[in-house]
């Protein structure tokens, strides 16, 4: 599916609690649309240059065909001139036989001169034409080499553009992770993640820590396809259900929509009489990546 700069600028997202900064998303979409327009213009310019090179090559081919036709005409003309000279000499010889021996000699001399002049002229014409054709062939070869160089440069430029697009996409992913980590760090400093450590949670902590670390390792790996993300969510959910059956810890699922990718974080709820706290797993994962520990390290 092809996308246009206007579609990038006009793209809207659903609002959600604790979502991305609307101004930052809008500014980045504007920047992305401008870069997309530049790439489209460069692509059109390269296509135009390629078309111009092909037209020049076609013109050179036409010139080459014209030269070959001219050479063929010159050869036919030389042959015709030689044939005409031979015919004239035969006529002169016939007249000389009739008139006298002197006239025969004179006719032979004239015929010889005509043949020699025609052959010399034909050779001169052939040499001139060969020199012209050789020069044109050299020019044509030079133009072909220039065309190949232009095509090579265009290919290298296209590869550089693709590399720049890949670098921009990687930078975009890194910027999103850094912004999210800053938001989690601010919430952590504000004391939004304080929870009471229940005996049940203490007992289930070693097993859940292992499961959470496995989830973190899976979420760190970049998976561009939505299908792979859904498979990761399903496997994580199955592991969480097994832990819940063993240690009787009841999780609460909270749906969080961040841009286009949907994540289903799990929330561990302690069954204490004093307090019950919910915490989205998506934020816990980012906090764990920032601190380098598991979800339950915050209870220590």
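Using the three backbone atoms N, Cα and C, a Cβ is placed for every residue, glycine included.
Remember, it's a predicted structure, so these values are computed and weren't measured experimentally.
Copied over from TrEMBL, here are the features:
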COILED    29-70  coiled coil
COILED    126-171  coiled coil
COMPBIAS  215-233  compositional bias 'Basic and acidic residues'
COMPBIAS  243-262  compositional bias 'Basic and acidic residues'
COMPBIAS  270-279  compositional bias 'Polar residues'
COMPBIAS  282-292  compositional bias 'Basic and acidic residues'
REGION    215-300  region 'Disordered'
Quiz item: Where else in the chain does the coiled coil (29-70) make close Cβ contacts, counting only residues six or more beyond its ends and a cut-off under 8 Å?
Solution: 3-6, 8-9, 11, 129, 132-133, 136-137, 140, 143-144, 147, 150-151, 154, 157-158, 161, 165, 168
Quiz item: What average pLDDT does the predicted model assign to the coiled coil (29-70)?
Solution: 89
